[in-house]
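What TrEMBL says about this protein:
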type: DOMAIN; residues: 22-245; note: domain 'ABC transmembrane type-2'
type: TRANSMEM; residues: 24-43; note: transmembrane segment
type: TRANSMEM; residues: 55-76; note: transmembrane segment
type: TRANSMEM; residues: 96-121; note: transmembrane segment
type: TRANSMEM; residues: 133-158; note: transmembrane segment
type: TRANSMEM; residues: 164-184; note: transmembrane segment
type: TRANSMEM; residues: 223-242; note: transmembrane segment
């Protein structure tokens, strides 16, 4: 990879994101507003408050994955439709420079999103957790990066923003259903349990719940590394699959 092209891509993508107020609000403010809504819904009595603690812990993994997937896939399609990617391909930039630049830029935004979300949960919504704030932030950020990787992967095979969004039920919804939010993974039917073992969000949720209950530990670190490994694999596939011409 060429450091000059990589750095230029990161700076360009970040500048575009900061210029797009709607995308910026979706990344940084939407998780906080949604968490606040959940907190208000479950604030009626202590039992529901305890339920909110568990739900909020899981959603610190779910929201970054979903939101970063949406923003990344749509942004990449806008770049392609505007002709930006085709112009970049006329330069000496390598596909790995391009994908890595986008991934790092969005990873920076995912990290900022995660920090704001975790601090809001801890100090404004009073969510109880045994995990240090930086561990919770790291888990959320890694999950957001996985969402970025999936967004880049989906955009490599889509020819429009609508097609990119259409991949959400295929790539994201099964993870949401099987991650342990609705039913503990240990209580899933055997076939669904094994499918959930092949989905990155399952490991992110396991890491978030494990850290919230017992603090940082070996199992938490293992689940974080597995989730991050999924992200690296998705990025590699996206780089190899990225078309040089519009479909």
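Keep in mind that glycine also has a Cβ here, set from the backbone N, Cα and C atoms.
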Q) Against which stretches of its own chain does the transmembrane segment (24-43) lie, if we need a Cβ under 8 Å and a gap of at least six residues from its ends? A) 17-18, 49, 51-52, 55-56, 59, 63-64, 67-68, 70-71, 109-110, 112-113, 116-117, 120-121, 125
**Q.** Folded-back contacts onto the transmembrane segment (223-242), same chain, C-beta under 8 angstroms, at least six residues removed
**A.** 95-96, 98-100, 103, 138-139, 142-143, 145-146, 148-150, 152-153, 155-157, 200-201, 203-204, 206-207, 210
